[in-house]
Structures are given as structure tokens and as C-alpha cells.
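Colleague: Feature table excerpt (Swiss-Prot):
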BINDING   His172, His174, His229, Asp253  Zn(2+) 1 binding site
BINDING   Asp176, His177, Asp253, His291  Zn(2+) 2 binding site
COMPBIAS  31-42  compositional bias 'Polar residues'
REGION    31-57  region 'Disordered'
Amino acid sequence: MAAVVAATALKGRGARNARVLRGILSGATANKASQNRSRALQSHSSPECKEEPEPLSPELEYIPRKRGKNPMKAVGLAWYSLYTRTRLGYLFYRQQLRRARNRYPKGHSRTQPRLFNGVKVLPIPVLSDNYSYLIIDTQARLAVAVDPSDPQAVQASIEKEGVNLVAILCTHKHWDHSGGNRDLSRRHQDCRVYGSPQDSIPYLTHPLCHQDVVSVGRLQIRALATPGHTQGHLVYLLDGEPYEGPSCLFSGDLLFLSGCGRTFEGTAETMLSSLDTVLGLGDDTLLWPGHEYAEENLGFAGVVEPENLARERKMQWVQRQRMERKSTCPSTLGEERSYNPFLRTHCLVLQEALGPSPGPTGDDGCSRAQLLERLRQLKDLHKSK
């Protein structure tokens, strides 16, 4: 009987949440339209035009972010252009790096390495909530760094492990993922810097395309093109077959535990296609994200899908971890399919919660993309409690 009462209560709460979500979306849409009108009036009434940073190409979309801890917290197209295309962005990153080192001298989270048969994955907490990674061939003593934003922290881990850094894999150009490329590549003369040529990766030496493979010792790492967060965003898939273990996905800012990255340089359709790329991987694939966003993301997932018991169980585990400042990564893609709303745009429960969309639903790409965009709007407005 208690279970029946609880289920009934959850169902009622879900209906209330659906009404609230539709109201928020309506307000957000109206506010966005008002902002667009204001910008149009300002552009026509301005007596003179000052030199502006080089804008993003017309087909790209920038969605402002509400205030938060992420280095991308400042909003606006002009700021994004400055952050990614000028020295001001680098100086801002250096300021964030100094502050994080002072606040978290031992890192923002306590991490645990994963050991396989001759392979070690070591998460390195950097900045206020980022993760860099060392992927180590323990027999050859060779290491690959993923998104080494703090060269000091990454170098300390390299020395502690007693390995030789031979490659840097950069998921995208943002300084909180690429800021350590220069120092580490200079310190390790044989180190190659891999990334997308579309993304202006600092100190890039070896451009990668979709499905290219980087081989280091027994490490076989495949690059997958996943544009949306940036034009040239890549994720990296470590093949588990050579070491007879699970494959590992280093997802940068594409996919987080119960969340996904914001669409700074693309459309909802682009981001949906990129998410579908990783959805095609196996359920046992380990997800190593670029940020520690688990608790906030699961809180939002509970707003849009309050009856999801998998989300509730994961949230309880995450809260226990974070009370002790323990890292929440990795999760698995199988887990993410069960509670991550950005991977569940095909689910009827989300379609009902966010309201009807024009045209067919289900597997139709356009309608799923529209649902993804609505989820993103809500996530940007969401404040965890």
C-alpha cells in the first residue's frame, strides 16, 4: 500500500512539474524575443560602430549561460569571441587557475585511479570543477594526457607515476581544457598534441579527423567528431579489447554525468547527432567527463523526470560521495541511458513533461532536437538547491 501511495504521489508531482516546465519555457521564449528586439533597436540607433571582435559565422548559435562557477559564466557573444579568440581569454583562464590553486591546493575532489590489465586511468582534479586525465600503459611506462588544463597538476602526476608523457589529447579549444598544452609540450620534447584542426587547439601538432586512431604502446584511442559545444569538439574512445577491460570514453564537454555540454557553436540538431554518436557505444563503456557536475545535473534531471528511480538511486550515491569530496566519475553509458535526460529525448515521459512539439515525435530527428533545445533552456535556468 505504501508503494502505491508513493507512486501516486510521484505521478501527481510529475504532472505539476510538467505544468511548471511549460510555464518556464514560455517565459524563457518571451524573454529571448524581448532581448532580440532590444538588440535590434540598439544596433540601429547606435551613432557609431566600434571595432568588434571577429564574430562567429552566421550558422553558429550561442546560448547564454546563467551565472555559475564555470569559466564560461560571463554571457554574450562578444565575451565568447574574446574568450576563445584573444589573449584576454587566456589571461582570464590564468586568473581562474591561480584562484583554484589557492582554494584547492590538493584539488577540488578526491579521485581514485582505475587499474586494468596493464592500463591505468588516473583522473586529475583541476581548476574549480574540471578533470584532466592520464592514460598510462603501465608496462611501457608511457602516458597520454587528456585536456591538461593545469600543467602543474598534470606534471606532478606524471612525476609521481614515473611515466613518460608522449601525447596530449585535447577535446576542444576552451582554455579550461587546453591551457596546459604549451608548458607540457615544451617540457616533454617528444610529446605530440592532438586535436581537431577546426578548433584552434593551442600548440596543435597532429590534427585528427573522425575515426582517426592514436596508438601509444598498447593504448588504442579513437577520435570521434562530436561538434556542438565547439565546431571541432572531439571525444576519445580508449579501446578496451587490448587490455581485456571496458572501453573508456573521455567526453570533454560533450557529455557529463546526467548532463551534456552547452551548444556554443552549433545547433540543437548538431548536438543531438553528436550525442547519438556516443549512444551507439556499449553499455559497459566507462564515461570520464570533463567536469564534476553530477549533483547539480541529477538535481535538474529530477525536475524533468521525478519518477525516475535510477536517477534517485544515483543521486543518493552522488550525495554521499560529495559529502566526502570524492569524485563521481566514472559512470557507464548504460547508467547514463537510464537517467540522463539529454540522452532520453526519445522517451515519452520527457515528451509529455515538456509539452507537445509540432510535427511527429519519437525517432524523428527534428522533434528530438527541439526537445533537446527545450531541455537546454530549462537547464540554463535551473538553480540547484
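Note that Cβ sites are derived from N, Cα and C of the backbone, with glycine treated the same way.
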Colleague: For Asp176 (Zn(2+) 2 binding site), name the DSSP secondary structure in the helix/strand/coil scheme.
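Modeller: Where Asp176 (Zn(2+) 2 binding site) sits, the three-state DSSP reduction gives helix.
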Colleague: Enter the number of other CB atoms within 10 angstroms of the CB of His177 (Zn(2+) 2 binding site).
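Modeller: The answer is 30.
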Colleague: On a C-alpha basis, identify the one among His172, His174, His229, Asp253 that is nearest to His291 (Zn(2+) 2 binding site); the candidates are the binding-site residues.
Modeller: Asp253
Colleague: Can you check which residue among the binding-site residues His174, His291 has the largest number of Cβ atoms within 10 Å of its own?
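Modeller: Max Cβ neighbours within 10 Å, all protein chains included: His174.
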Colleague: Quick check for the class: what is the C-alpha distance, in angstrom and rounded, between Asp253 (Zn(2+) 1 binding site) and Asp176 (Zn(2+) 2 binding site)?
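Modeller: Cα to Cα, Asp253 (Zn(2+) 1 binding site) and Asp176 (Zn(2+) 2 binding site) are separated by 10 Å.
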Colleague: Please give me the CB contact count at 10 A for Asp253 (Zn(2+) 1 binding site), counting all chains in the structure.
Modeller: 28
Colleague: In the same chain, which residues outside the set His172, His174, His229, Asp253 have their CB within 8 A of the centroid of the CB atoms that define the Zn(2+) 1 site?
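Modeller: My list of surrounding residues reads Thr171, Lys173, His177, Thr230, His233, Gly252, Leu254, Gly261, Phe264, Gly290.
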Colleague: Among the binding-site residues listed here (His172, His229), identify the one with the smallest other-Cβ count within 10 Å.
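Modeller: Minimum Cβ neighbour count within 10 Å, taken over the binding-site residues His172, His229, occurs at His229.
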Colleague: Looking only at Cβ atoms, how many others are within 10 Å of the one on Asp176 (Zn(2+) 2 binding site)?
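Modeller: Other Cβ atoms within 10 Å of Asp176 (Zn(2+) 2 binding site): 26.
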